[in-house]
């Protein structure tokens, strides 16, 4: 198609292959972003394939609408959180889907706009909300109002930063004198909090992990992912597949555990001699290890370097007729 966007969806070929996209499929893109994955899946699904795309970012959804417009009524876009997909499916009259995708990454549209506050290459307000129209806590509010203990926990858990304590103390110390309201100021505070020897040898700016941690906290990203993973098996047709692309070790571990639990018949504690949970496997894991981008894709799109793809397939319901 002409006029393709600069946006490059990560692991697109692998997503299409592992989801088994074929003509006529009903596809849920729970984080449509700029529409790159949806466009690729629509092409693979042929003239009868349909995509229901969700995103809570109004700007991203608007861009996706422009690039997906040539597909007409084969695409329906809804501004909402990925965790709310069951209600959207019901409204669309889709009882089950044949394929579902969730990409937990950020789009260049979000990262490159200083007014959104996701990065610090250019100064801007400390916002970081993906769905600003919905209100909610901003990064500025979190930085200036959260206790030392909460800041430390957020930066340590979501940013996996060994200097979390020093950074949290520095933030609290600075905000006692003046509010921290911009991305540049926060980046400066974090920079100064790092030991000089760490700054000298760091492979990335010391503030990178803190910004990631605050963004994940503001947008409740792990809770959103967990809710999606819990609900999706109920909404996959037998043989339907779900793919999740993560960019953070916490996200990947969450996906791995969720898939493993749904691929296991009994989830009772190990000390339980007799099964009492009644749980039966609903998924079959198709990726024993996460699929990662090859060297060529990483050269072409550095964002793909940390992407990890896991895929699982819906098993027939217990008692269903699976005979040929």
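Glycine is treated like the rest: Cβ placed from N, Cα and C.
As recorded in Swiss-Prot:
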BINDING   35, 36, 37, 55, 85, 103, 110  S-adenosyl-L-methionine binding site
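Projection of Swiss-Prot feature records onto the structure.
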residue : record                               : Cβ neighbours (10 Å)
35      : S-adenosyl-L-methionine binding site : 29
36      : S-adenosyl-L-methionine binding site : 23
37      : S-adenosyl-L-methionine binding site : 27
55      : S-adenosyl-L-methionine binding site : 27
85      : S-adenosyl-L-methionine binding site : 25
103     : S-adenosyl-L-methionine binding site : 25
110     : S-adenosyl-L-methionine binding site : 20
Can you see whether DSSP assigns residue 35 (S-adenosyl-L-methionine binding site) to helix, strand or coil?
coil
If you pair up every Cα among 35, 36, 37, 55, 85, 103, 110, the residues annotated as binding S-adenosyl-L-methionine, what's the maximum separation in angstrom, rounded to an integer?
22
Helix, strand or coil for residue 103 (S-adenosyl-L-methionine binding site)? Use DSSP.
strand
